[in-house]
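Notes for the one structure printed next.
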Amino acid sequence: MADFKLADRLATLPPYLFAGIDKVKAEVAARGVDIISLGIGDPDMPTPDFIIEAMKKAVERPANHQYPSYVGMLEFRQEVANWYGRRFGVSLDPKTEVIGLIGSKEGIAHFPLAFVNPGDLVLVCTPNYPVYHIATGFVGGEVQFIPLVEENDYLPDLDAIPAATWDRAKMIFVNYPNNPTAATAPRAFYEKLIGICRKHNVIIAHDTAYTEVYYDENDKPMSILEVEGAKDVTIEFHSLSKTYNMTGWRVGMAVGNASLVAGLGKVKENVDSGIFQAVQEASIVALRDGDDFCRELRGIYRKRRDVVVAALNKVGIACRVPTAAFYIWAKVPAGYGSSAEFVTAVLEKTGVVLTPGNGFGTPGEGYFRISLTVDTDRLEEAVSRIANL
């Protein structure tokens, strides 16, 4: 059988972070070790019944078995606009400022195709979800990483970026609530970022998939589009995955500047065929009727967060108490040469799957990420195993 050479854009890629973790996990599981997976951010709880029932009804309609719209059903886009208005006080035109996505990852990965030419500079805040820089690299863009450090609350130091860099930049990727650090961004940060990007004509691509996983009803994460002037330069990516335990359904949305939304739509009409309409109809029900479920879900994650933070503190592992997202970003204990070394040792010796901080970028070295995606008993067991390593 012929062995064909990969294209350069693939051959030079590092292994995808979670693919490597899955490989080691499989090897350990094959030895009969009980695995507790706190690696990938995939909710362990099912999609709620009211969404599943809506899906069952939608699947039975023959009209939903045909090709869907590339940009999403107008009814779905209208419900996204309604939800944004209710949740964030943001007004959106569903016809021009909203587009449906086959999960937000799909939209983020395709977005640089619409606006980044070979050699264009794209700023990526790091540690980061790897898709931002990988998608940029696929289209020949030049990536400049902007470090996020604990001393600055994991916000980029915008003043440290020279004016000449802003002049060159075509786009900046930001992500709050942040994966992997669980940091949130205050209004003042967004105001400053928008001011700079409007001045230098830089596109803001904001990934905000975790806004509905927060722990204080009086401190809800905001949309960047709440800030005056944001629509001039911003597209915001959101998802139903984490909000309603729908990671496998592959449904999300991008909203904001009409020309940015249209550009992404131009790419999508040439590379995919849209979201299965039955999924869109069920998603309409989720967005319209899901507030009570989201409140209950936050309560579960709050208990899990508190259990893990207390357990880590008890064994002397330092971590910040997150106010949003279902991740704990903790410091690697002394005695390990790298976060990858620590995570590998934990997995091989205890069966607990963690994510090494350096897998998200150089500033993540010295940290590891815990996903709160198992029940409290298993979380306590996981930390106990780590403590006894």
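Every residue, even glycine, has its Cβ placed from backbone N, Cα and C.
Record note: Swiss-Prot gives Y16, G41, K105, Y129, N179 as substrate-binding, and the candidate from R305, R320, R369 in that site is R369. The candidate list Y154, Y210, Y214 contains one residue that Swiss-Prot assigns to the pyridoxal 5'-phosphate site with Y70, S104, K105, Y129, N179, S239, L240, S241, R250, namely Y210.
In the three-state DSSP assignment, the secondary structure recorded for K105 (substrate binding site) is helix. In this record, substrate is bound by Y16, G41, K105, Y129, N179, R369; the longest C-alpha to C-alpha distance in that set is 20 Å.
Among the listed binding-site residues, namely N179, S239, S241, the Cβ with the most fellow Cβ atoms inside 10 Å is that of S239. All protein chains considered, the CB of Y70 (pyridoxal 5'-phosphate binding site) has 18 other CB atoms within 10 Å. According to its DSSP assignment, S239 (pyridoxal 5'-phosphate binding site) is in a strand. Taking the C-alpha atom of S239 (pyridoxal 5'-phosphate binding site) as reference, the shortest distance to any of the binding-site residues Y16, G41, K105, N179, R369 belongs to K105.
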